[in-house]
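Below is one structure; the comments refer to it alone.
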Amino acid sequence: NQDDYQLVRKLGRGKYSEVFEAINITNNERVVVKILKGDLLVAFQELQGAAGKLGRDFGGGRCLQLSVSLLQSKTPALVFEYINNTDFKQLYQILTDFDIRFYMYELLKSKLQLAHAERLLTPVSSLHAQLRLIDWGLAEFYHPAQEYNVRVASRYFKGPELLVDYQMYDYSLDMWSLGCMLASMIFRKEPFFHGQDNYDQLVRIAKVLGTDELYGYLKKYHIELDPHFNDILGQHSRKRWENFIHSENRHLVSPEVLDLLDKLLRYDHQQRLTAKEAMEHPYF
């Protein structure tokens, strides 16, 4: 019953929802209420139905637990368990080498157990200490040779395939996002690719991975680049990952982690490590 919940404070908002801390007045339990808007309601209903077919343990216990669904009420909403969480912008500044290895491995384990779903990962979509995956509104079930919407994912974690409007993407999109998170952690640079808009986001990536490599990727997949890039892309050689090491992050960087990062942040989605391959990497 919607009347059982009293909103306490607003935690955040997005294009498709608003999120509030709330109290269940029947038992004084603190919860999170996500009020749905438009397309997200439809998306969640589809995802919920598909998840039911895949079994109750969706995500191996690593997904935020849905307590109550108020989809039939006047204001459709979802009620989740409340978990204390440190903002990732603060958290990244204090993570140790062990912490980074632990969280990355747990994310990979979650990704492997959710191998039927894609486009999930950003720092905001994972809660810390006991890692949980949240914010499933734009998650999608992958089917080979199917075109997908490229207007997904937070800008700083969008893979190149999204930024060049390549719709035949797959699971490897999340491995790019994972690479962005890893780069932010080890180099203490958040976000690692800091574009002002989607066009600039690809420019920031090209300044690190190189423009020749970008054009090679476009040619391989017969992708035509938006003409707007002619004025802003420029010409950039590929940078070495060692260029981003400085006195404040040196203790977090090793040859093993740079090798892992290099195999995640690839233009060509087919060249990125899978979650299983990444978990078997010497870094862990």
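Note that Cβ sites are derived from N, Cα and C of the backbone, with glycine treated the same way.
Not measured: the values here are computed from a predicted model.
What TrEMBL lists as domain 'Protein kinase' is 5-284. Over the domain 'Protein kinase' (5-284) the predicted model carries a mean pLDDT of 81.
What TrEMBL records for K34 is ATP binding site. The DSSP secondary structure for K34 (ATP binding site) is strand.
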Handout entry: K34 (ATP binding site): tally of other CB atoms within 10 A of its CB
Key = 25
